[in-house]
Structure formats: structure tokens, C-alpha cells
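Chemist: Per TrEMBL, transmembrane segment is recorded for 20-45, 51-74, 81-99, 105-125, 146-167, 173-190, 219-239, 251-269, 290-314, 357-389.
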Amino acid sequence: MNFLKGYFDEKFKEGFLSLYGAQAVLMIASGFLGIFVPLFLFDLFDGDVRWVVFFFGITSFLYALTVSFGAMFLNKFGFRNALRVSLLLGALWYVIIYFVDKGNYFYLTPVLVIVLVLFRIFHWVPYHTDFAKFSNDGDRAKQLSFFDITRNLLAGLLPILSGFIILKYGFDVVFAIGVVLYLLAGLFFLKIPKTKERFDWGYRESWQELLSVKNRSGFFAFMADGAEAMVGLVVWPIFMFQLLGGNYFEVGYVSALIILGTMVLQFILGGKLDRGGNREKKRALKMGTLLYSLGWVIKIFVLTAFHIFVVGVYHNVMKIFARTSFDTMFYDIVASKRHYVDEFTVLHEMAVHLGKALSGVIIIIMASFLPLQWVFLLGALASVIMTLLRKDYSYNQI
């Protein structure tokens, strides 16, 4: 604790600790389930990656279409209540997927899509808005690094255990663990402070703002962020699974080694970005995204588990530079919007998930005609486009 007091310049706000506690529990769930949910769907859809991508793509598309309606509803429902309900929806999602099999997935996967869309509406707009308000301006990069290190620590250890459980007992046990963890995370939201935010735009105005010239650079940067996430969170685990011969334990083991090999740098970079100010954040984003995009190109030529480890460590190191600076700049922009914090958060969510949906279409087309690894070129291109956030950052005079 003395180390943390020396690392952070300002005292944590009460709301930040509530967010951190809930996210820490959800990170445990993500460590258990994150890379394995796409693999479960891959097996469910008879090894056709295109259907897995379609599942996540259609979910993102529906979310992008409905999130502004959801924000209007949250005006009356309240952000604090929404965060609590979101975790019940997350638990419900894992209850449903627990019962999904090849005999009933035609009926239950549409229900999974609807519940996942509702979870995102109730969770992500309040979460991003609250994080911008409850994080400290002078410590934001370090606080984000603190989140990411917790995530990486858990994601570095739990996939090994999860892979072992799946091999020995099947997916049902890890899905049951997911239900319990989402319910436990809700305890941290019982004391989260209220935020006085009101979404003032209508549905049409939200789309007009999203597509306006003043928001264009941010729009493309966030779309690219969504596209890169689709490649990294859906396609890469499936490619790795195929390369490792369908061994769930090896997937978890190699993933853990990659993450544990890059954790310490996260703390170092967070402090450097806060001390270096806005110029350092822009420089780190430019350098990090270019080198990170190169990692996607190198992944095309991966052939062995050792290649996965070496390239994975390089890619994660570069991701630290790109992701920490990108996320810090995003929350700086959100915090600068003052009364329009939740409106800008909605625009961010719309852009990110339109990017996921569009990239899903591109991935399905590419996977129909090319080996799966060539999809990584899309990840490389998206990583470069993310640097456009630097322009939006300057426009907002941060």
C-alpha cells in the first residue's frame, strides 16, 4: 500500500474504488472465460469462424443502433441502478449459455444476442461516464494502468486454470463460475455514488453528431478500435486454438505466459504518461500503434507455439504503449465534455461497435476466400487508423 501511495499523486475517489472493485471481480470472470467464449461458439458452430464473427458482429450492430435509445431510458432509470442491473444481465447471459448446445442453439443464440445488447446498454455508458468523473486528472494514466495490470495479472493466471477445468469437466463449470462472479461484482455497486448526468440528445441528433465533421477523426479512431478488438478478441483466439491442435489447456498456458511477460511495463508507462503530459500521450499513441500494427503483420507468419509466445510478448508490449495512451486520451476527452460526458460516451460506443460490425463483414468475406491469418492485416490497418484520436485530442484543446 505504501508503494501505491507513492505511485499515485492524488487520493482515490470513493466512486473510483467502487468501479475498481467491481471491475476486478469481472476481470476474474474475464480471465476464466475471455478467450474461451469464442472457442465455445467455434465448437458450437461446427468450426466455422464466420458464424462466430457473425454472432459478435450482429450483437455490436444492434447495440450501435439502440444505445442512444438506452441512454434516454437511463435518464429516468439512473446510472447507478443501470450498473447494478447490468451485472444481473451478465449473470443471466452465462446462465443461458450454460444450457446452449447443438440441439437448441438455433433458438437460444438470438436470446444470447438480446441479453448481451441489453448488458452493454446498461453497463458501458454508465461505466465510462463514471470512470471519467471518478478518476483523477493528474493520475488518470496511472489509474488506467492500475486497472490494466490487475486485468493482466488475472488474465495471466486464470486461463491456465480455466483451460484445465474445460479439459476435465467441460465448459459448464466455467460458465457457472461466470454467473457467480457477475453476481459478486454487483456488491461493489451498492455504494457507488450517484452521478448527475442527463442524456439531452434525441436519436436523430445522436447520429448527426456522430457523423459531423468536428467528430470525424474521433469517429474513425473509435471505429478502428472496434475493428481491432474484433480481430484480437475473436479471430486471434480461434487461430491460436487451431494452431495448438485444439488443446484448451495449451491455449490457456501460452496466453498466460504472454501476459505475465509484459505486466511490469504497464506501471512504468502509466507514470511516464502522467508526468509527460499531453505531448507524451500523443507521442506514445503514434509510436505504439505503428509498432503494434507491425505485430499483426508478423502474426500472419506464426507457425508454432513458440512463435505464438515470442510474437505475443512483442505484441503485448507494443499494445501497452498504444492502449494506455489511447484510453487515457479517450477519458481525458470525455472528462473535458463536462455536461456532455454521457453524450460523448454514447458516440464512442456507437463508433466502436459500428467498427466491430463493419469489420465482422470484412472478416467473413476474407475468411471465405483466404486463410484465417490474413485477417490480421485488418488488425494492422485498424491499429494505424487509431492514431487519428490525436487530432481529436488536439481539437478538444486538451
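Backbone N, Cα and C define each Cβ position, glycine as well.
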Chemist: Under 8 Å, at least 3 Cβ pairs, sequence separation 6 or more: does that hold for the transmembrane segment (81-99) versus the transmembrane segment (20-45)?
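Modeler: With 3 or more qualifying Cβ pairs, these stretches touch.
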Chemist: Please work out whether the transmembrane segment (173-190) lies in contact with the transmembrane segment (20-45), by counting C-beta pairs under 8 angstroms that are 6 or more apart in sequence and asking whether there are at least 3.
Modeler: yes
Chemist: Can you work out which residues elsewhere in the same chain, 6+ from the ends of the transmembrane segment (219-239), have a Cβ less than 8 Å from its Cβ atoms?
Modeler: 34-36, 38-39, 42, 49, 52-53, 56-57, 60, 210-211, 251, 296, 299, 326, 347-348, 351-360, 362-363, 372-373, 375-376, 378-379, 381-389, 392
Chemist: Please give the sequence-distant neighbours of the transmembrane segment (51-74): residues at least 6 beyond its ends with Cβ less than 8 Å from one of its Cβ atoms.
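Modeler: Long-range Cβ neighbours of the transmembrane segment (51-74): 38, 41-42, 45, 82, 109, 112-113, 116-117, 120-122, 125-126, 199, 201-203, 206-207, 226, 230, 234-235, 238, 342-343, 346, 349-350, 352-354, 356-357, 359-361, 363-364, 367.
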Chemist: Is the transmembrane segment (105-125) packed against any residues at least 6 beyond its ends, judged by a Cβ distance under 8 Å, and which are they?
Modeler: 44-45, 55, 58-59, 62-63, 66-67, 70-71, 74, 79, 82-83, 85-87, 89-90, 92-93, 96-97, 99, 342, 345-346, 349, 353
